[in-house]
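Before any comments, here is the structure.
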Amino acid sequence: MGNWAVNEGLSIFVILVWLGLNVFLFINYYKVYDDGPKYNYTRKLLGSALALARAPAACLNFNCMLILLPVCRNLLSFLRGSSACCSTRIRRQLDRNLTFHKMVAWMIALHTAIHTIAHLFNVEWCVNARVGISDRYSIALSDIGDNENEEYLNFAREKIKNPEGGLYVAVTRLAGITGIVITLCLILIITSSTKTIRRSYFEVFWYTHHLFVIFFIGLAIHGAERIVRGQTAESLEEHNLDICADKIEEWGKIKECPVPKFAGNPPMTWKWIVGPMFLYLCERLVRFWRSQQKVVITKVVTHPFKTIELQMKKKGFKMEVGQYIFVKCPKVSKLEWHPFTLTSAPEEDFFSIHIRIVGDWTEGLFNACGCDKQEFQDAWKLPKIAVDGPFGTASEDVFSYEVVMLVGAGIGVTPFASILKSVWYKYCDNATSLKLKKIYFYWLCRDTHAFEWFADLLQLLETQMQERNNANFLSYNIYLTGWDESQANHFAVHHDEEKDVITGLKQKTLYGRPNWDNEFKTIASEHPNTTIGVFLCGPEALAETLSKQSISNSESGPRGVHFIFNKENF
């Protein structure tokens with residue numbers, strides 16, 4: 001198993017704390033509504049569905065408070081910057097923000113289902129009591145406060161002639177209307193967040209996610225009508241439950257048992273969510289302010305395999321390696337923002353991104369930049385671009401290790417372009433304070449053309465390290481995962497040439513996929529008693545493989561080899 005705690009210990013601790021708080025809130029509120037004297041008569045009317053509705057409501061408040069925080073990108077970047085003195089293992093938790101966001105969303109979905117189903121039973125019990133087909137106790141409780149301005153218990157205020165009137169009661173009350181609206185919003189948000197829709201129909205995902213505005217407004221006013229009611233404190237003092245609970249016929253007739261009075265709980269949800277909503281509002285204001293700052297496209301480069309490079313300048317823009325930005329092109333869409341990893345280095349006087357053309361928005365940007373035309377495009381014809389960021393990622397920590405493994409799959413190589421460029425600049429400037437001593441770089445790609453735009457950078461690094469007698473600083477392995485028979489024959493013919501036929505590098509391209517178990521064991525033997533950073537930008541399947549290898553090849557004890565796995569998430 002290796003040292004599992006090295007990679008996952010803190011993450012599991014955070015998750016257990018979160019789950020523990022959910023369990024605590026559920027049990028605590030369940031006991032209040034299932035055992036508390038305040039809700040004794042409410043339980044007589046509604047049964048166990050009362051507690052089963054209110055306990056998940058408390059958990060919903062808690063999780064709806066949390067759901068916005070992981071997507072406050074500027075807040076996370078601030079925390080990452082302010083925690084620079086902390087352990088990389090602590091900062092890694094910030095890089096799992098989207099994973100936590102999804103977990104909280106599923107928890108909200110679970111408690112919404114329980115809350116909704118329980119309240120459907122509550123509506124039925126209330127309506128049955130008003131219709132007169134319930135037990136006499138429930139009917140008597142429902143008759144309390146039938147007149148105006150009296151302190152009633154049953155929210156179904158008028159006697160219903162139609163026994164099927166439950167639906168009517170539900171959809172004519174504020175709680176019912178808002179409950180239906182926010183549940184529909186939640187269903188649309190979750191169903192449009194599947195991997196297939198995010199990748200193939202990002203616009204659908206983006207627009208439906210903004211239903212969260214309606215969701216939170218509905219959530220804030222959901223309890224304003226106070227339909228879940230309990231006995232007032234004054235009534236509990238006057239109306240002794242031990243004496244009066246079984247003497248319903250004598251209520252109001254004997255001094256010891258006055259008619260009980262009821263009141264609804266004041267709305268609480270807004271108190272839970274007002275703080276995160278304010279933070280998120282500030283987040284959006286910062287994003288809007290940044291989006292209004294002028295961005296100049298200085299160069300557009302068309303690379304093979306339908307990839308374009310945008311080089312841009314923006315006043316006051318400062319970046320670190322591996323960071324990402326959000327880009328909006330009003331000519332393509334006035335509302336949509338899309339994330340892209342920065343491929344430039346902090347030492348350069350511009351910032352750049354590489355964009356693979358795979359969807360409607362990227363196709364629109366490709367055409368707006370004139371990349372679909374053969375002739376040269378004048379700078380004044382280039383579209384206006386808005387940029388929000390940069391935002392921090394796990395790759396910022398790459399210089400915190402002496403040894404790192406960088407693994408990129410396809411276009412996922414982009415964050416490592418920034419890192420390798422920065423390394424090259426640091427060596428050009430004779431940087432002596434560089435902690436990083438060894439880079440193992442792996443690039444997996446299925447098409448030969450995809451290597452072309454990155455080969456120049458690797459050649460520069462290869463030459464630079466040889467000139468400085470430090471050729472061992474960078475070990476890179478490029479894997480071609482897709483080829484046909486004619487390509488294989490061509491590669492075989494040119495195998496003995498000094499430079500690789502695909503990349504033009506001295507290091508030959510490998511075919512197939514790495515044997516990760518061998519790679520990790522070899523690196524572990526080369527660097528005993530070392531903490532090694534493993535950085536991935538690639539698919540989930542590869543992330544799972546590398547995470548398992550990092551755990552299984554890490555040794556127990558503080559002086560052993562430790563592989564710390566990091567994955568890009570945005």
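Placement of Cβ uses the backbone N, Cα and C atoms for every residue, glycine included.
Between the listed residues Lys314, Lys334, Lys435, Swiss-Prot assigns ubiquitin cross-link to Lys334, with no corresponding entry for the rest in that record. The record in Swiss-Prot shows matching topological domain names for Lys195 and Pro415, meaning one and the same side of the membrane. Within the set Lys247, Lys299, Lys331, Lys426, Swiss-Prot records ubiquitin cross-link at Lys299.
Going by what Swiss-Prot states, the NADPH site holds Ile411, Arg446, Arg513, and the candidate of Thr362, Thr481, Thr545 recorded there is Thr481. Residues Lys31, Lys328, Lys437 are shown; Swiss-Prot lists ubiquitin cross-link for one of them, Lys328. Of the listed residues (Lys253, Lys294, Lys521), Swiss-Prot tags Lys294 with ubiquitin cross-link; the rest carry no such note in the record, though that does not show they lack it. From Lys255, Lys261, Lys315, the position flagged in Swiss-Prot as ubiquitin cross-link is Lys255.
Packing against the topological domain 'Extracellular' (37-46) from elsewhere in the chain are residues 121-122, 125-126, 129, 137-138, 141-142, 153-154, 228-231, 233, 236, 241, 245, 260, 262: each is 6 or more residues past its ends and has a CB under 8 Å from a CB in it. One residue stands out among the recorded positions His101, Arg226, Lys255, Lys299 for having the most other Cβ atoms within 10 Å of its Cβ: His101.
Within the set of recorded positions (Arg446, Lys567), the lowest number of other Cβ atoms found within 10 Å of a Cβ is recorded at Arg446. If you take the Cα of Lys567 (ubiquitin cross-link) and the Cα of Ile411 (NADPH binding site), they are about 15 angstrom apart, rounded to a whole number.
Within the same chain, residues 36-42, 50, 53-54, 136-137, 140, 144-145, 151-153, 155, 173-175 sit at least 6 positions outside the topological domain 'Extracellular' (223-267) and bring their C-beta atoms closer than 8 Å to a C-beta of that stretch. In this structure the alpha carbons, written CA, of Arg226 (heme b 2 binding site) and Ile411 (NADPH binding site) are 53 Å apart.
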